[in-house]
Structure formats: structure tokens, C-alpha cells
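Comments concern the structure below.
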Amino acid sequence: MSWGMIATWRMAHDGVTQASEALSNNGQAGDAIETTIRTVEDYPYYKSVGFGGLPNAEGILEMDAAFMDGDTFKIGAVAGITDTKNPISVARKLSDEKFNSFRVGDGATKYAMLNGFERKNMLTQRAHRIWEKRVEEIAKSNLSPYDGHDTIGAISLDTNGSMAAGTSSSGLFMKKPGRVGDSPLSGSGFYVDSEIGGATATGLGEDLMKGCLAYEIVRQMGEGKTPQEACDQAVYTFHDTLTKRYGKAGAFSLVAMNNTGQWGVATNVEFTFSVANDQEKPAIYLANMGENHQTIIEPITQEWLDAYEKRIKAPID
Ligand code: GLY
């Protein structure tokens, strides 16, 4: 039986590589999601997820995460959770709850503490300094405060044919307290059905929610489209519709995998992702929106990776 995993952004790659090893040895789809997302949440130089994530306008780091089991449709989610080491693990645990499975703010943090999850100050000095600098810049100029919403979203398929999905994000940099994006919202940030496939999103949550694109991609795969056809059709059609009717489409990118391990991607900005299955070794690709509603996908170059490494670790003065 085939297995596979796809996840958003270059930052997912180490986790995808680790989870792929487990999936190829009959590891479980839900475990693959949790492993992958925890590696991103734990890495201090990724400034849009977990430890090291950028805070809201008041300097508080509020995080969102979700987990979905594609066999049972169980979903757990947290929004605006604070001081908690791995929001994805809290979301996964919540997916076992029949009621109260989506918790926000203090309710989410209290749930994590009461259930033995590790309490941790997730705001690094580096993230705090980036926030301070942005506050100074905004005071000096008319700069838009909003930036950076690179969510980790992942879809996995195991050799039993089970699928799972997960997301984790610190959301939009400088968001207002209590603002929640697409990442913990079923259908917008993620969706998975083991009998069809799954999809997950990264990008501007306010616009992703307008299209419920993760669900739309799964729905189209269910009608027989390949993941790539479903991504191209759902994402670019919505990009055009939103541009026409709302005046502008924010940045968004989606990845999908079906229940045979085939995958697809669509994006309206330059976007990286990591993917592996029983036919393809874990690899990072670069995607861009091409003409005629098709995605251009190319292998990442060493030059790109070197520049990325330098950029995320650049000193903050
Ligand atoms: N996509 C993450 C967010 O908008 O919060």
C-alpha cells in the first residue's frame, strides 16, 4: 500500500523527512503529522510558527493549530493559545473530545495546562526584538503593520490507507489580540477524508476563509480530479473571483494529496513545499503561478536554500 506526506514551506522538510521514514515503516498518519509539525514548532528561527513565532500588536505570542483524522473526521483545534510548547499536540488531544474540541484563548491554554502539556514562554528574544523594531517603523512611517503568515500545514497518508491533516501558526505578525486566521478552521486551513484525500493552506487567513479552499480541493478530488487539477481549478478560480469581486486577493498557497499518494500544489505567490511518497524521496520544490491557471513546479536550488538559511538567521540589530 502507498504512503505519502506533503507540507507547506521549506521549514517542513526536516519533519517530512523524519515522518517519511516512519511512514515507510508502517508508521501512523496522525503521528506523522504531529512529528512534522512539532519539529517546526520547536525551531526558534521559524518566525511564523511555535517557539520563535512573532507576536501580536501588544507583543503577546498567540498561536493557532488544528488536527484532523481523515478516517473518523475527528477534529481538534486551538486558537490564541499562549505559553504552550506544542499547540499541534494540544489540538490532536482535543480531537478525542466529543464536545469542547475547539478551544480559544485562556480556555485553550488552561486545557493544555490541565492535561499535562508543557508550559513554555514561546516568545524568543529575537522575535521580541523584531516586534520592537516593527513598532518603531510603524510609528515612523505609514507602513502596513501586517506581514508574515507562513503556516505549517501538512497532509499524510499511511500504509493502512488512513490520512490525517494538521496546521500550526502564530498567525499574522502584528495581528490584533484575539485575531484568528484560517489555520484552525476546518475547510479553510485544512480538510481530509481518508476515502478521498486532504488539502491544507498557508497565506492570508482573512482571504483563505472567504474561499474554504481546503474543502473545495478535497471536494474536487472526490469528483475525480487529480490533486494537481483540483488545486489549479480551486485556487486560481478563487484568486480570479476574489480579485474581481473583492478587489484584491491576498497571498495564498495550498498543497494536497489523495489517498493513493499523488500530490498537487497551487499558489498565487512564490512558494516552497516538501513532499515524499513511496515513489519519491523527500524533496523541496519551488512553486509559482503560471499562465493559464497552471502551477509551475521546479526543484529547489542549493543557491535558494543557502540564501534562505542566511535570511532566517540574519542578525537583528
Ligand atoms: N494563514 C495563517 C493566518 O492567516 O493566520
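In case you wondered, yes, glycine gets a Cβ from its N, Cα and C as well.
According to TrEMBL, the feature active site, nucleophile maps to THR151. According to TrEMBL, the feature substrate binding site maps to ARG179, VAL180, GLY181, ASP182, THR202, GLY203, LEU204, GLY205.
All features noted in TrEMBL, drawn onto the structure.
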residue: THR151; record: active site, nucleophile; Cβ neighbours (10 Å): 28
residue: ARG179; record: substrate binding site; Cβ neighbours (10 Å): 18
residue: VAL180; record: substrate binding site; Cβ neighbours (10 Å): 21
residue: GLY181; record: substrate binding site; Cβ neighbours (10 Å): 27
residue: ASP182; record: substrate binding site; Cβ neighbours (10 Å): 34
residue: THR202; record: substrate binding site; Cβ neighbours (10 Å): 30
residue: GLY203; record: substrate binding site; Cβ neighbours (10 Å): 27
residue: LEU204; record: substrate binding site; Cβ neighbours (10 Å): 20
residue: GLY205; record: substrate binding site; Cβ neighbours (10 Å): 27
What is the separation, in Å, between the Cα atoms of LEU204 (substrate binding site) and THR151 (active site, nucleophile)?
10
Rounded distance in angstrom between the Cα atoms of THR202 (substrate binding site) and THR151 (active site, nucleophile):
5
Compare all C-alpha positions of ARG179, VAL180, GLY181, ASP182, THR202, GLY203, LEU204, GLY205, the record's substrate binders, and send over the largest distance in angstrom.
16
Contacting recorded positions for ligand 1, chosen from THR151, ARG179, VAL180, GLY205 when the Cβ sits under 6 angstroms of any of its atoms:
THR151, GLY205
Just checking: which of ARG179, VAL180, GLY203 have a Cα that is within 10 Å of the Cα of THR151 (active site, nucleophile), counting only these binding-site residues?
GLY203
Under a three-state reduction of DSSP output, how is THR202 (substrate binding site) classified: helix, strand, or coil?
strand
